[in-house]
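S.K.: Sharing a structure, written as structure tokens. Questions coming.
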């Protein structure tokens, strides 16, 4: 896939697109060499002071280090691994064990991403071991470094050709085919979870919400971003399938083509209304998968007539419209599968079944079946760090 296989020319694509690191980079660029760095723990570790945040990694991550992003979980820096000569994105998850839900999310992300091995799924390059096993509160995960994400591209005034959008869609589906074949649902696909580099390679990231495909408990922990949420999730269906990710892909692709969110709902009720205004009120036959409460709720809503996608989005290729309509189907049982989406005429120029691998061993969520304490989760993450750094065994 390395930018070949029908990839559009990428030279100018990322030029204007504000990359993930744009803002912090500008703040830091002035004194990038001046980010204070101190060797610690007998020179085995190095501490950086990033805007008042202590960032402590193994000494192989030499200066300079660059802040590239910030989130609720903590801070992300690009760093250079002097042993592998690779630039990576190191995410610090501060106070990772303060509550069980966050700790489990971090453990899930690590185990899942380490299990995956695919060009369109971001890879973990390292988990930094803690300097002291007994005081282990922050987790540092090093991922392969990408240039930007789809959210930044959509927000920028970077011109995107039809070929670019098509190639991004193809890569999302190619990665999703692999993820689903591992018996995993991503459950939180959105533009900011799709990373890109200057070569137009796309990688899916953030598996903290992922679930096994056969699991039926409703999402109790975190709220998936509403705008990309399938109707069955909005209606609290506990019996959701891989089709939830396909719905999200349809929303993302139309946002890419239209440069604005397809269904920017303000709340649950508004979200459902927006999608029905476009795809129409579902028929009785389409309600079969819902529980009685959800059916009753739908029946009392105003009747919406389905709009013509072709008329609403005249600038979008008719074959792309056909594929999106099959993705944005209300009834998940009728929604197109990832395999069939890859084989759709719109993607003929890119589709190559011999180059769309599946995962040979399904992922096991067994570690979630036990009520693990924070200490047990800490121990499991510590072991994951040692798998990358056996010499740090304490």
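Here the Cβ of each residue, glycine as well, is placed from N, Cα and C on the backbone.
On a predicted model such as this, the values are computed, not experimentally measured, just so you know.
Quick paste from Swiss-Prot:
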| type | residues | note |
| --- | --- | --- |
| ACT_SITE | 188 | active site, proton acceptor |
| BINDING | 68, 69, 70, 71, 72, 73, 74, 75, 76, 91 | ATP binding site |
| DOMAIN | 62-347 | domain 'Protein kinase' |
| MOD_RES | 220 | phosphothreonine |
| MOD_RES | 222 | phosphotyrosine |
S.K.: Let me check the 10 A CB neighbour count of residue 76 (ATP binding site). How many other CB atoms are there?
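M.R.: Taking every protein chain into account, the count is 23.
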S.K.: How many whole Å apart are the CA atoms of residue 188 (active site, proton acceptor) and residue 70 (ATP binding site)?
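M.R.: Here the two Cα atoms are 19 Å apart.
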S.K.: Express the predicted model's confidence over the domain 'Protein kinase' (62-347) as a mean pLDDT, rounded to an integer.
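M.R.: That region's mean pLDDT is 92.
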S.K.: Using a 10 Å cut-off on CB atoms, tell me which of the recorded positions 68, 70, 74, 188 is the least crowded.
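M.R.: The recorded positions 68, 70, 74, 188 were compared, and 70 has the fewest Cβ atoms within 10 Å.
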